[in-house]
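Structure, as structure tokens:
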Amino acid sequence: VHEILARTVYGKRKRTEVGVDRLVNEGAYAAAYPLHEGPFKLPSHEIRRDELNQRQVLHYYWARWCKWYKYQPLDHIREYFGEKIALYFAWLEDICSSGAKYPMCPLCKTCEAWNMSDICTMAKLGYLFDHPGTVFFSVFMSFWAVTFLEFWKRKMATLAHHWDSMDFHEEEQERPRPEFAAMAPTVEENPVTGVKEPYFPEKTRLSRMFTGSMVIILMLCVVIIFLVTVVMCRGVISVMMYQSGSPVLRTEAGTIANICSSIVNLGFILFMGQIYTALAEQLTKWTEMHRTQTQHDNAFTLKVFIFQFVNFYSSPFYVAFFKGFVGYPTNYGTLFGMRNEDCGPGGCLIELAEQLFIIMVGKQLINNIQEFIIKVKAWRQKRTLATVLGDNNTDEPRRWEEDYKLVPCGGLFEEYLEMLQFGFITIFVAAFPLAPLFALLNNWVEIRLDAHKFVCEYRRPVAERAQNIGVWFNILEALSHLSVIANAFLIAFTSDFLPRLLYQYKFSDDLNGYVNFTLAYAPLNYTDYPRCYKAFRDNDGSYTLFYWELLAVRLGFIIAFEQHVVFFVLRAIDWIVPDVPESLELKIKRERYLAKQALAENQEALL
């Protein structure tokens with residue numbers, strides 16, 4: 001029915017006055033949607049299970065919180081909502097005793113010296129994240145990410161065959177988008193179907209895409225500018241804490257400044273994400289003019305993901321790989337007149353863990369709150385319709401009126417975008433090992449919220465065929481490869497694992513004297529306590545031999561271990577685990593053989 005409505009001509013074909021979608025866009029109709037099969041609530045009287053409609057089955061056995069331990073009824077979801085939504089739900093299913101022995105350099109021009117023993121608590125906390133087990137866990141997560149995607153490819157192939165969509169090619173079978181058809185200046189023959197269709201010149205499209213790219217670059221620059229602002233604010237907060245005179249505030253200044261800036265950063269991330277998503281949608285719709293809805297969705301998805309990647313991950317990348325390059329006493333690096341940020345008492349890794357916790361968990365909580373807001377939208381929709389109908393509506397409400405009270409389905413883009421957490425549990429897992437646990441808990445909540453939303457709160461979406469999850473799989477694959485590189489640099493340059501390992505090899509197996517060894521002498525007349533900052537430098541600020549030995553070990557770790565061993569194993573996993581299960585491959589070959597045999601018998605009978 002939807003196909004007929006979408007193709008029916010209602011005006012002049014030359015003006016592409018075709019299809020119900022364009023009539024809805026022009027305001028001739030308020031909405032066009034498939035009907036639900038009835039109410040989702042069970043009747044008050046007793047009823048047999050085989051008498052329930054599909055919507056009631058999905059609600060009672062799937063969309064309720066008490067069914068959290070059940071598997072996803074993918075065949076039922078596919079039958080009711082189509083392959084595209086079913087594939088989405090298939091994807092979801094998967095120092096302290098030193099006292100005053102080590103006085104440290106002042107942290108600002110007007111600050112006083114402080115004792116290393118003051119940071120005892122943060123140093124202990126930092127060791128929870130920065131120890132040899134972190135290396136093995138990050139390597140394991142790299143293997144898990146690639147293995148997970150390999151087995152997901154097998155799952156997609158199995159589901160596509162089971163649902164008879166394995167040979168479905170969206171670009172070949174899709175009709176032009178209504179907006180494309182309305183704005184296309186010419187008509188040309190489709191080389192695949194041989195039918196004349198609206199056509200947009202490639203040269204015009206490329207010039208429009210170039211203009212859109214400039215807007216994207218401008219928005220990315222805004223994100224970087226805000227990151228610099230947050231860094232400067234963090235420095236100001238830290239200095240204010242140091243100068244407060246309170247021993248507690250002075251000791252925890254870096255932690256307090258980091259938490260405050262992370263909360264502000266989260267607010268900016270969510271605010272900019274909303275603005276850019278709306279902007280990207282308009283750019284993709286009116287600037288790039290893609291022919292099919294799939295091409296449009298892929299371009300829009302890629303555009304928003306690139307922005308959201310920079311938006312979400314710029315601050316963690318700064319803390320992980322750029323923070324801490326401060327120089328040395330009398331030669332500190334500055335940013336707009338302020339001294340560059342140094343890593344806090346527990347090191348950069350614990351600061352990165354704090355920031356990841358606030359951004360990841362904070363975003364999950366806010367997203368789940370937004371899911372509950374949909375209930376408010378549904379209530380307002382029903383109230384508005386009741387006000388319009390007034391007392392005139394005395395008859396029993398009909399199905400299309402009941403469904404009109406529901407919220408229009410917004411598609412799967414926002415649902416998949418929440419899977420940005422895949423980057424948190426792979427790229428920065430060395431700094432935040434609890435990320436997979438929070439992701440698991442979030443997915444458990446997400447499945448039930450989405451299930452209730454699609455079954456009870458949304459109008460029924462038009463069922464769309466699909467082979468896979470589209471461009472999202474390519475994004476996840478890129479994130480899994482980036483995670484190997486990021487974790488290698490994180491362990492080599494941000495963690496203290498390799499400096500400790502080299503010190504054990506060269507000097508002492510039990511790390512005796514390691515803390516004193518990591519301290520360097522400040523230039524003469526700088527302070528009364530010359531050995532007062534952490535670095536491998538000599539008296540005039542030049543790097544020591546140990547620094548260069550450590551740099552060679554770090555680069556060797558990245559090249560020899562992560563880039564060769566890990567990538568070799570990952571490629572081996574890719575080769576060992578076929579994209580299509582062997583049993584399914586045999587089944588497909590058998591079906592092709594039977595099809596050819598049936599065709600030959602049919603031709604023979606005709607002859």
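Note that Cβ sites are derived from N, Cα and C of the backbone, with glycine treated the same way.
Record features (TrEMBL):
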- 1-74: domain 'Anoctamin dimerisation' (DOMAIN)
- 77-591: domain 'Anoctamin transmembrane' (DOMAIN)
- 134-152: transmembrane segment (TRANSMEM)
- 215-243: transmembrane segment (TRANSMEM)
- 255-279: transmembrane segment (TRANSMEM)
- 300-321: transmembrane segment (TRANSMEM)
- 422-445: transmembrane segment (TRANSMEM)
- 469-493: transmembrane segment (TRANSMEM)
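Between the transmembrane segment (134-152) and the stretches 215-243, 255-279, 300-321, 469-493, the greatest number of Cβ pairs separated by less than 8 Å involves 469-493. Panel annotation: around the transmembrane segment (255-279), residues 122, 215, 219, 222-223, 226-227, 230-231, 233-235, 237-238, 241, 249, 304, 307-308, 311-312, 315, 344-345, 351, 354-355, 358-359, 362-363, 366 of the same chain, lying at least six beyond its termini, place a Cβ under 8 Å from a Cβ of the stretch. Under DSSP, the residues of the domain 'Anoctamin dimerisation' (1-74) split into helix, strand and coil as follows: 30 helix, 2 strand, 42 coil. Predicted-model confidence for the domain 'Anoctamin dimerisation' (1-74) is 84, expressed as mean pLDDT.
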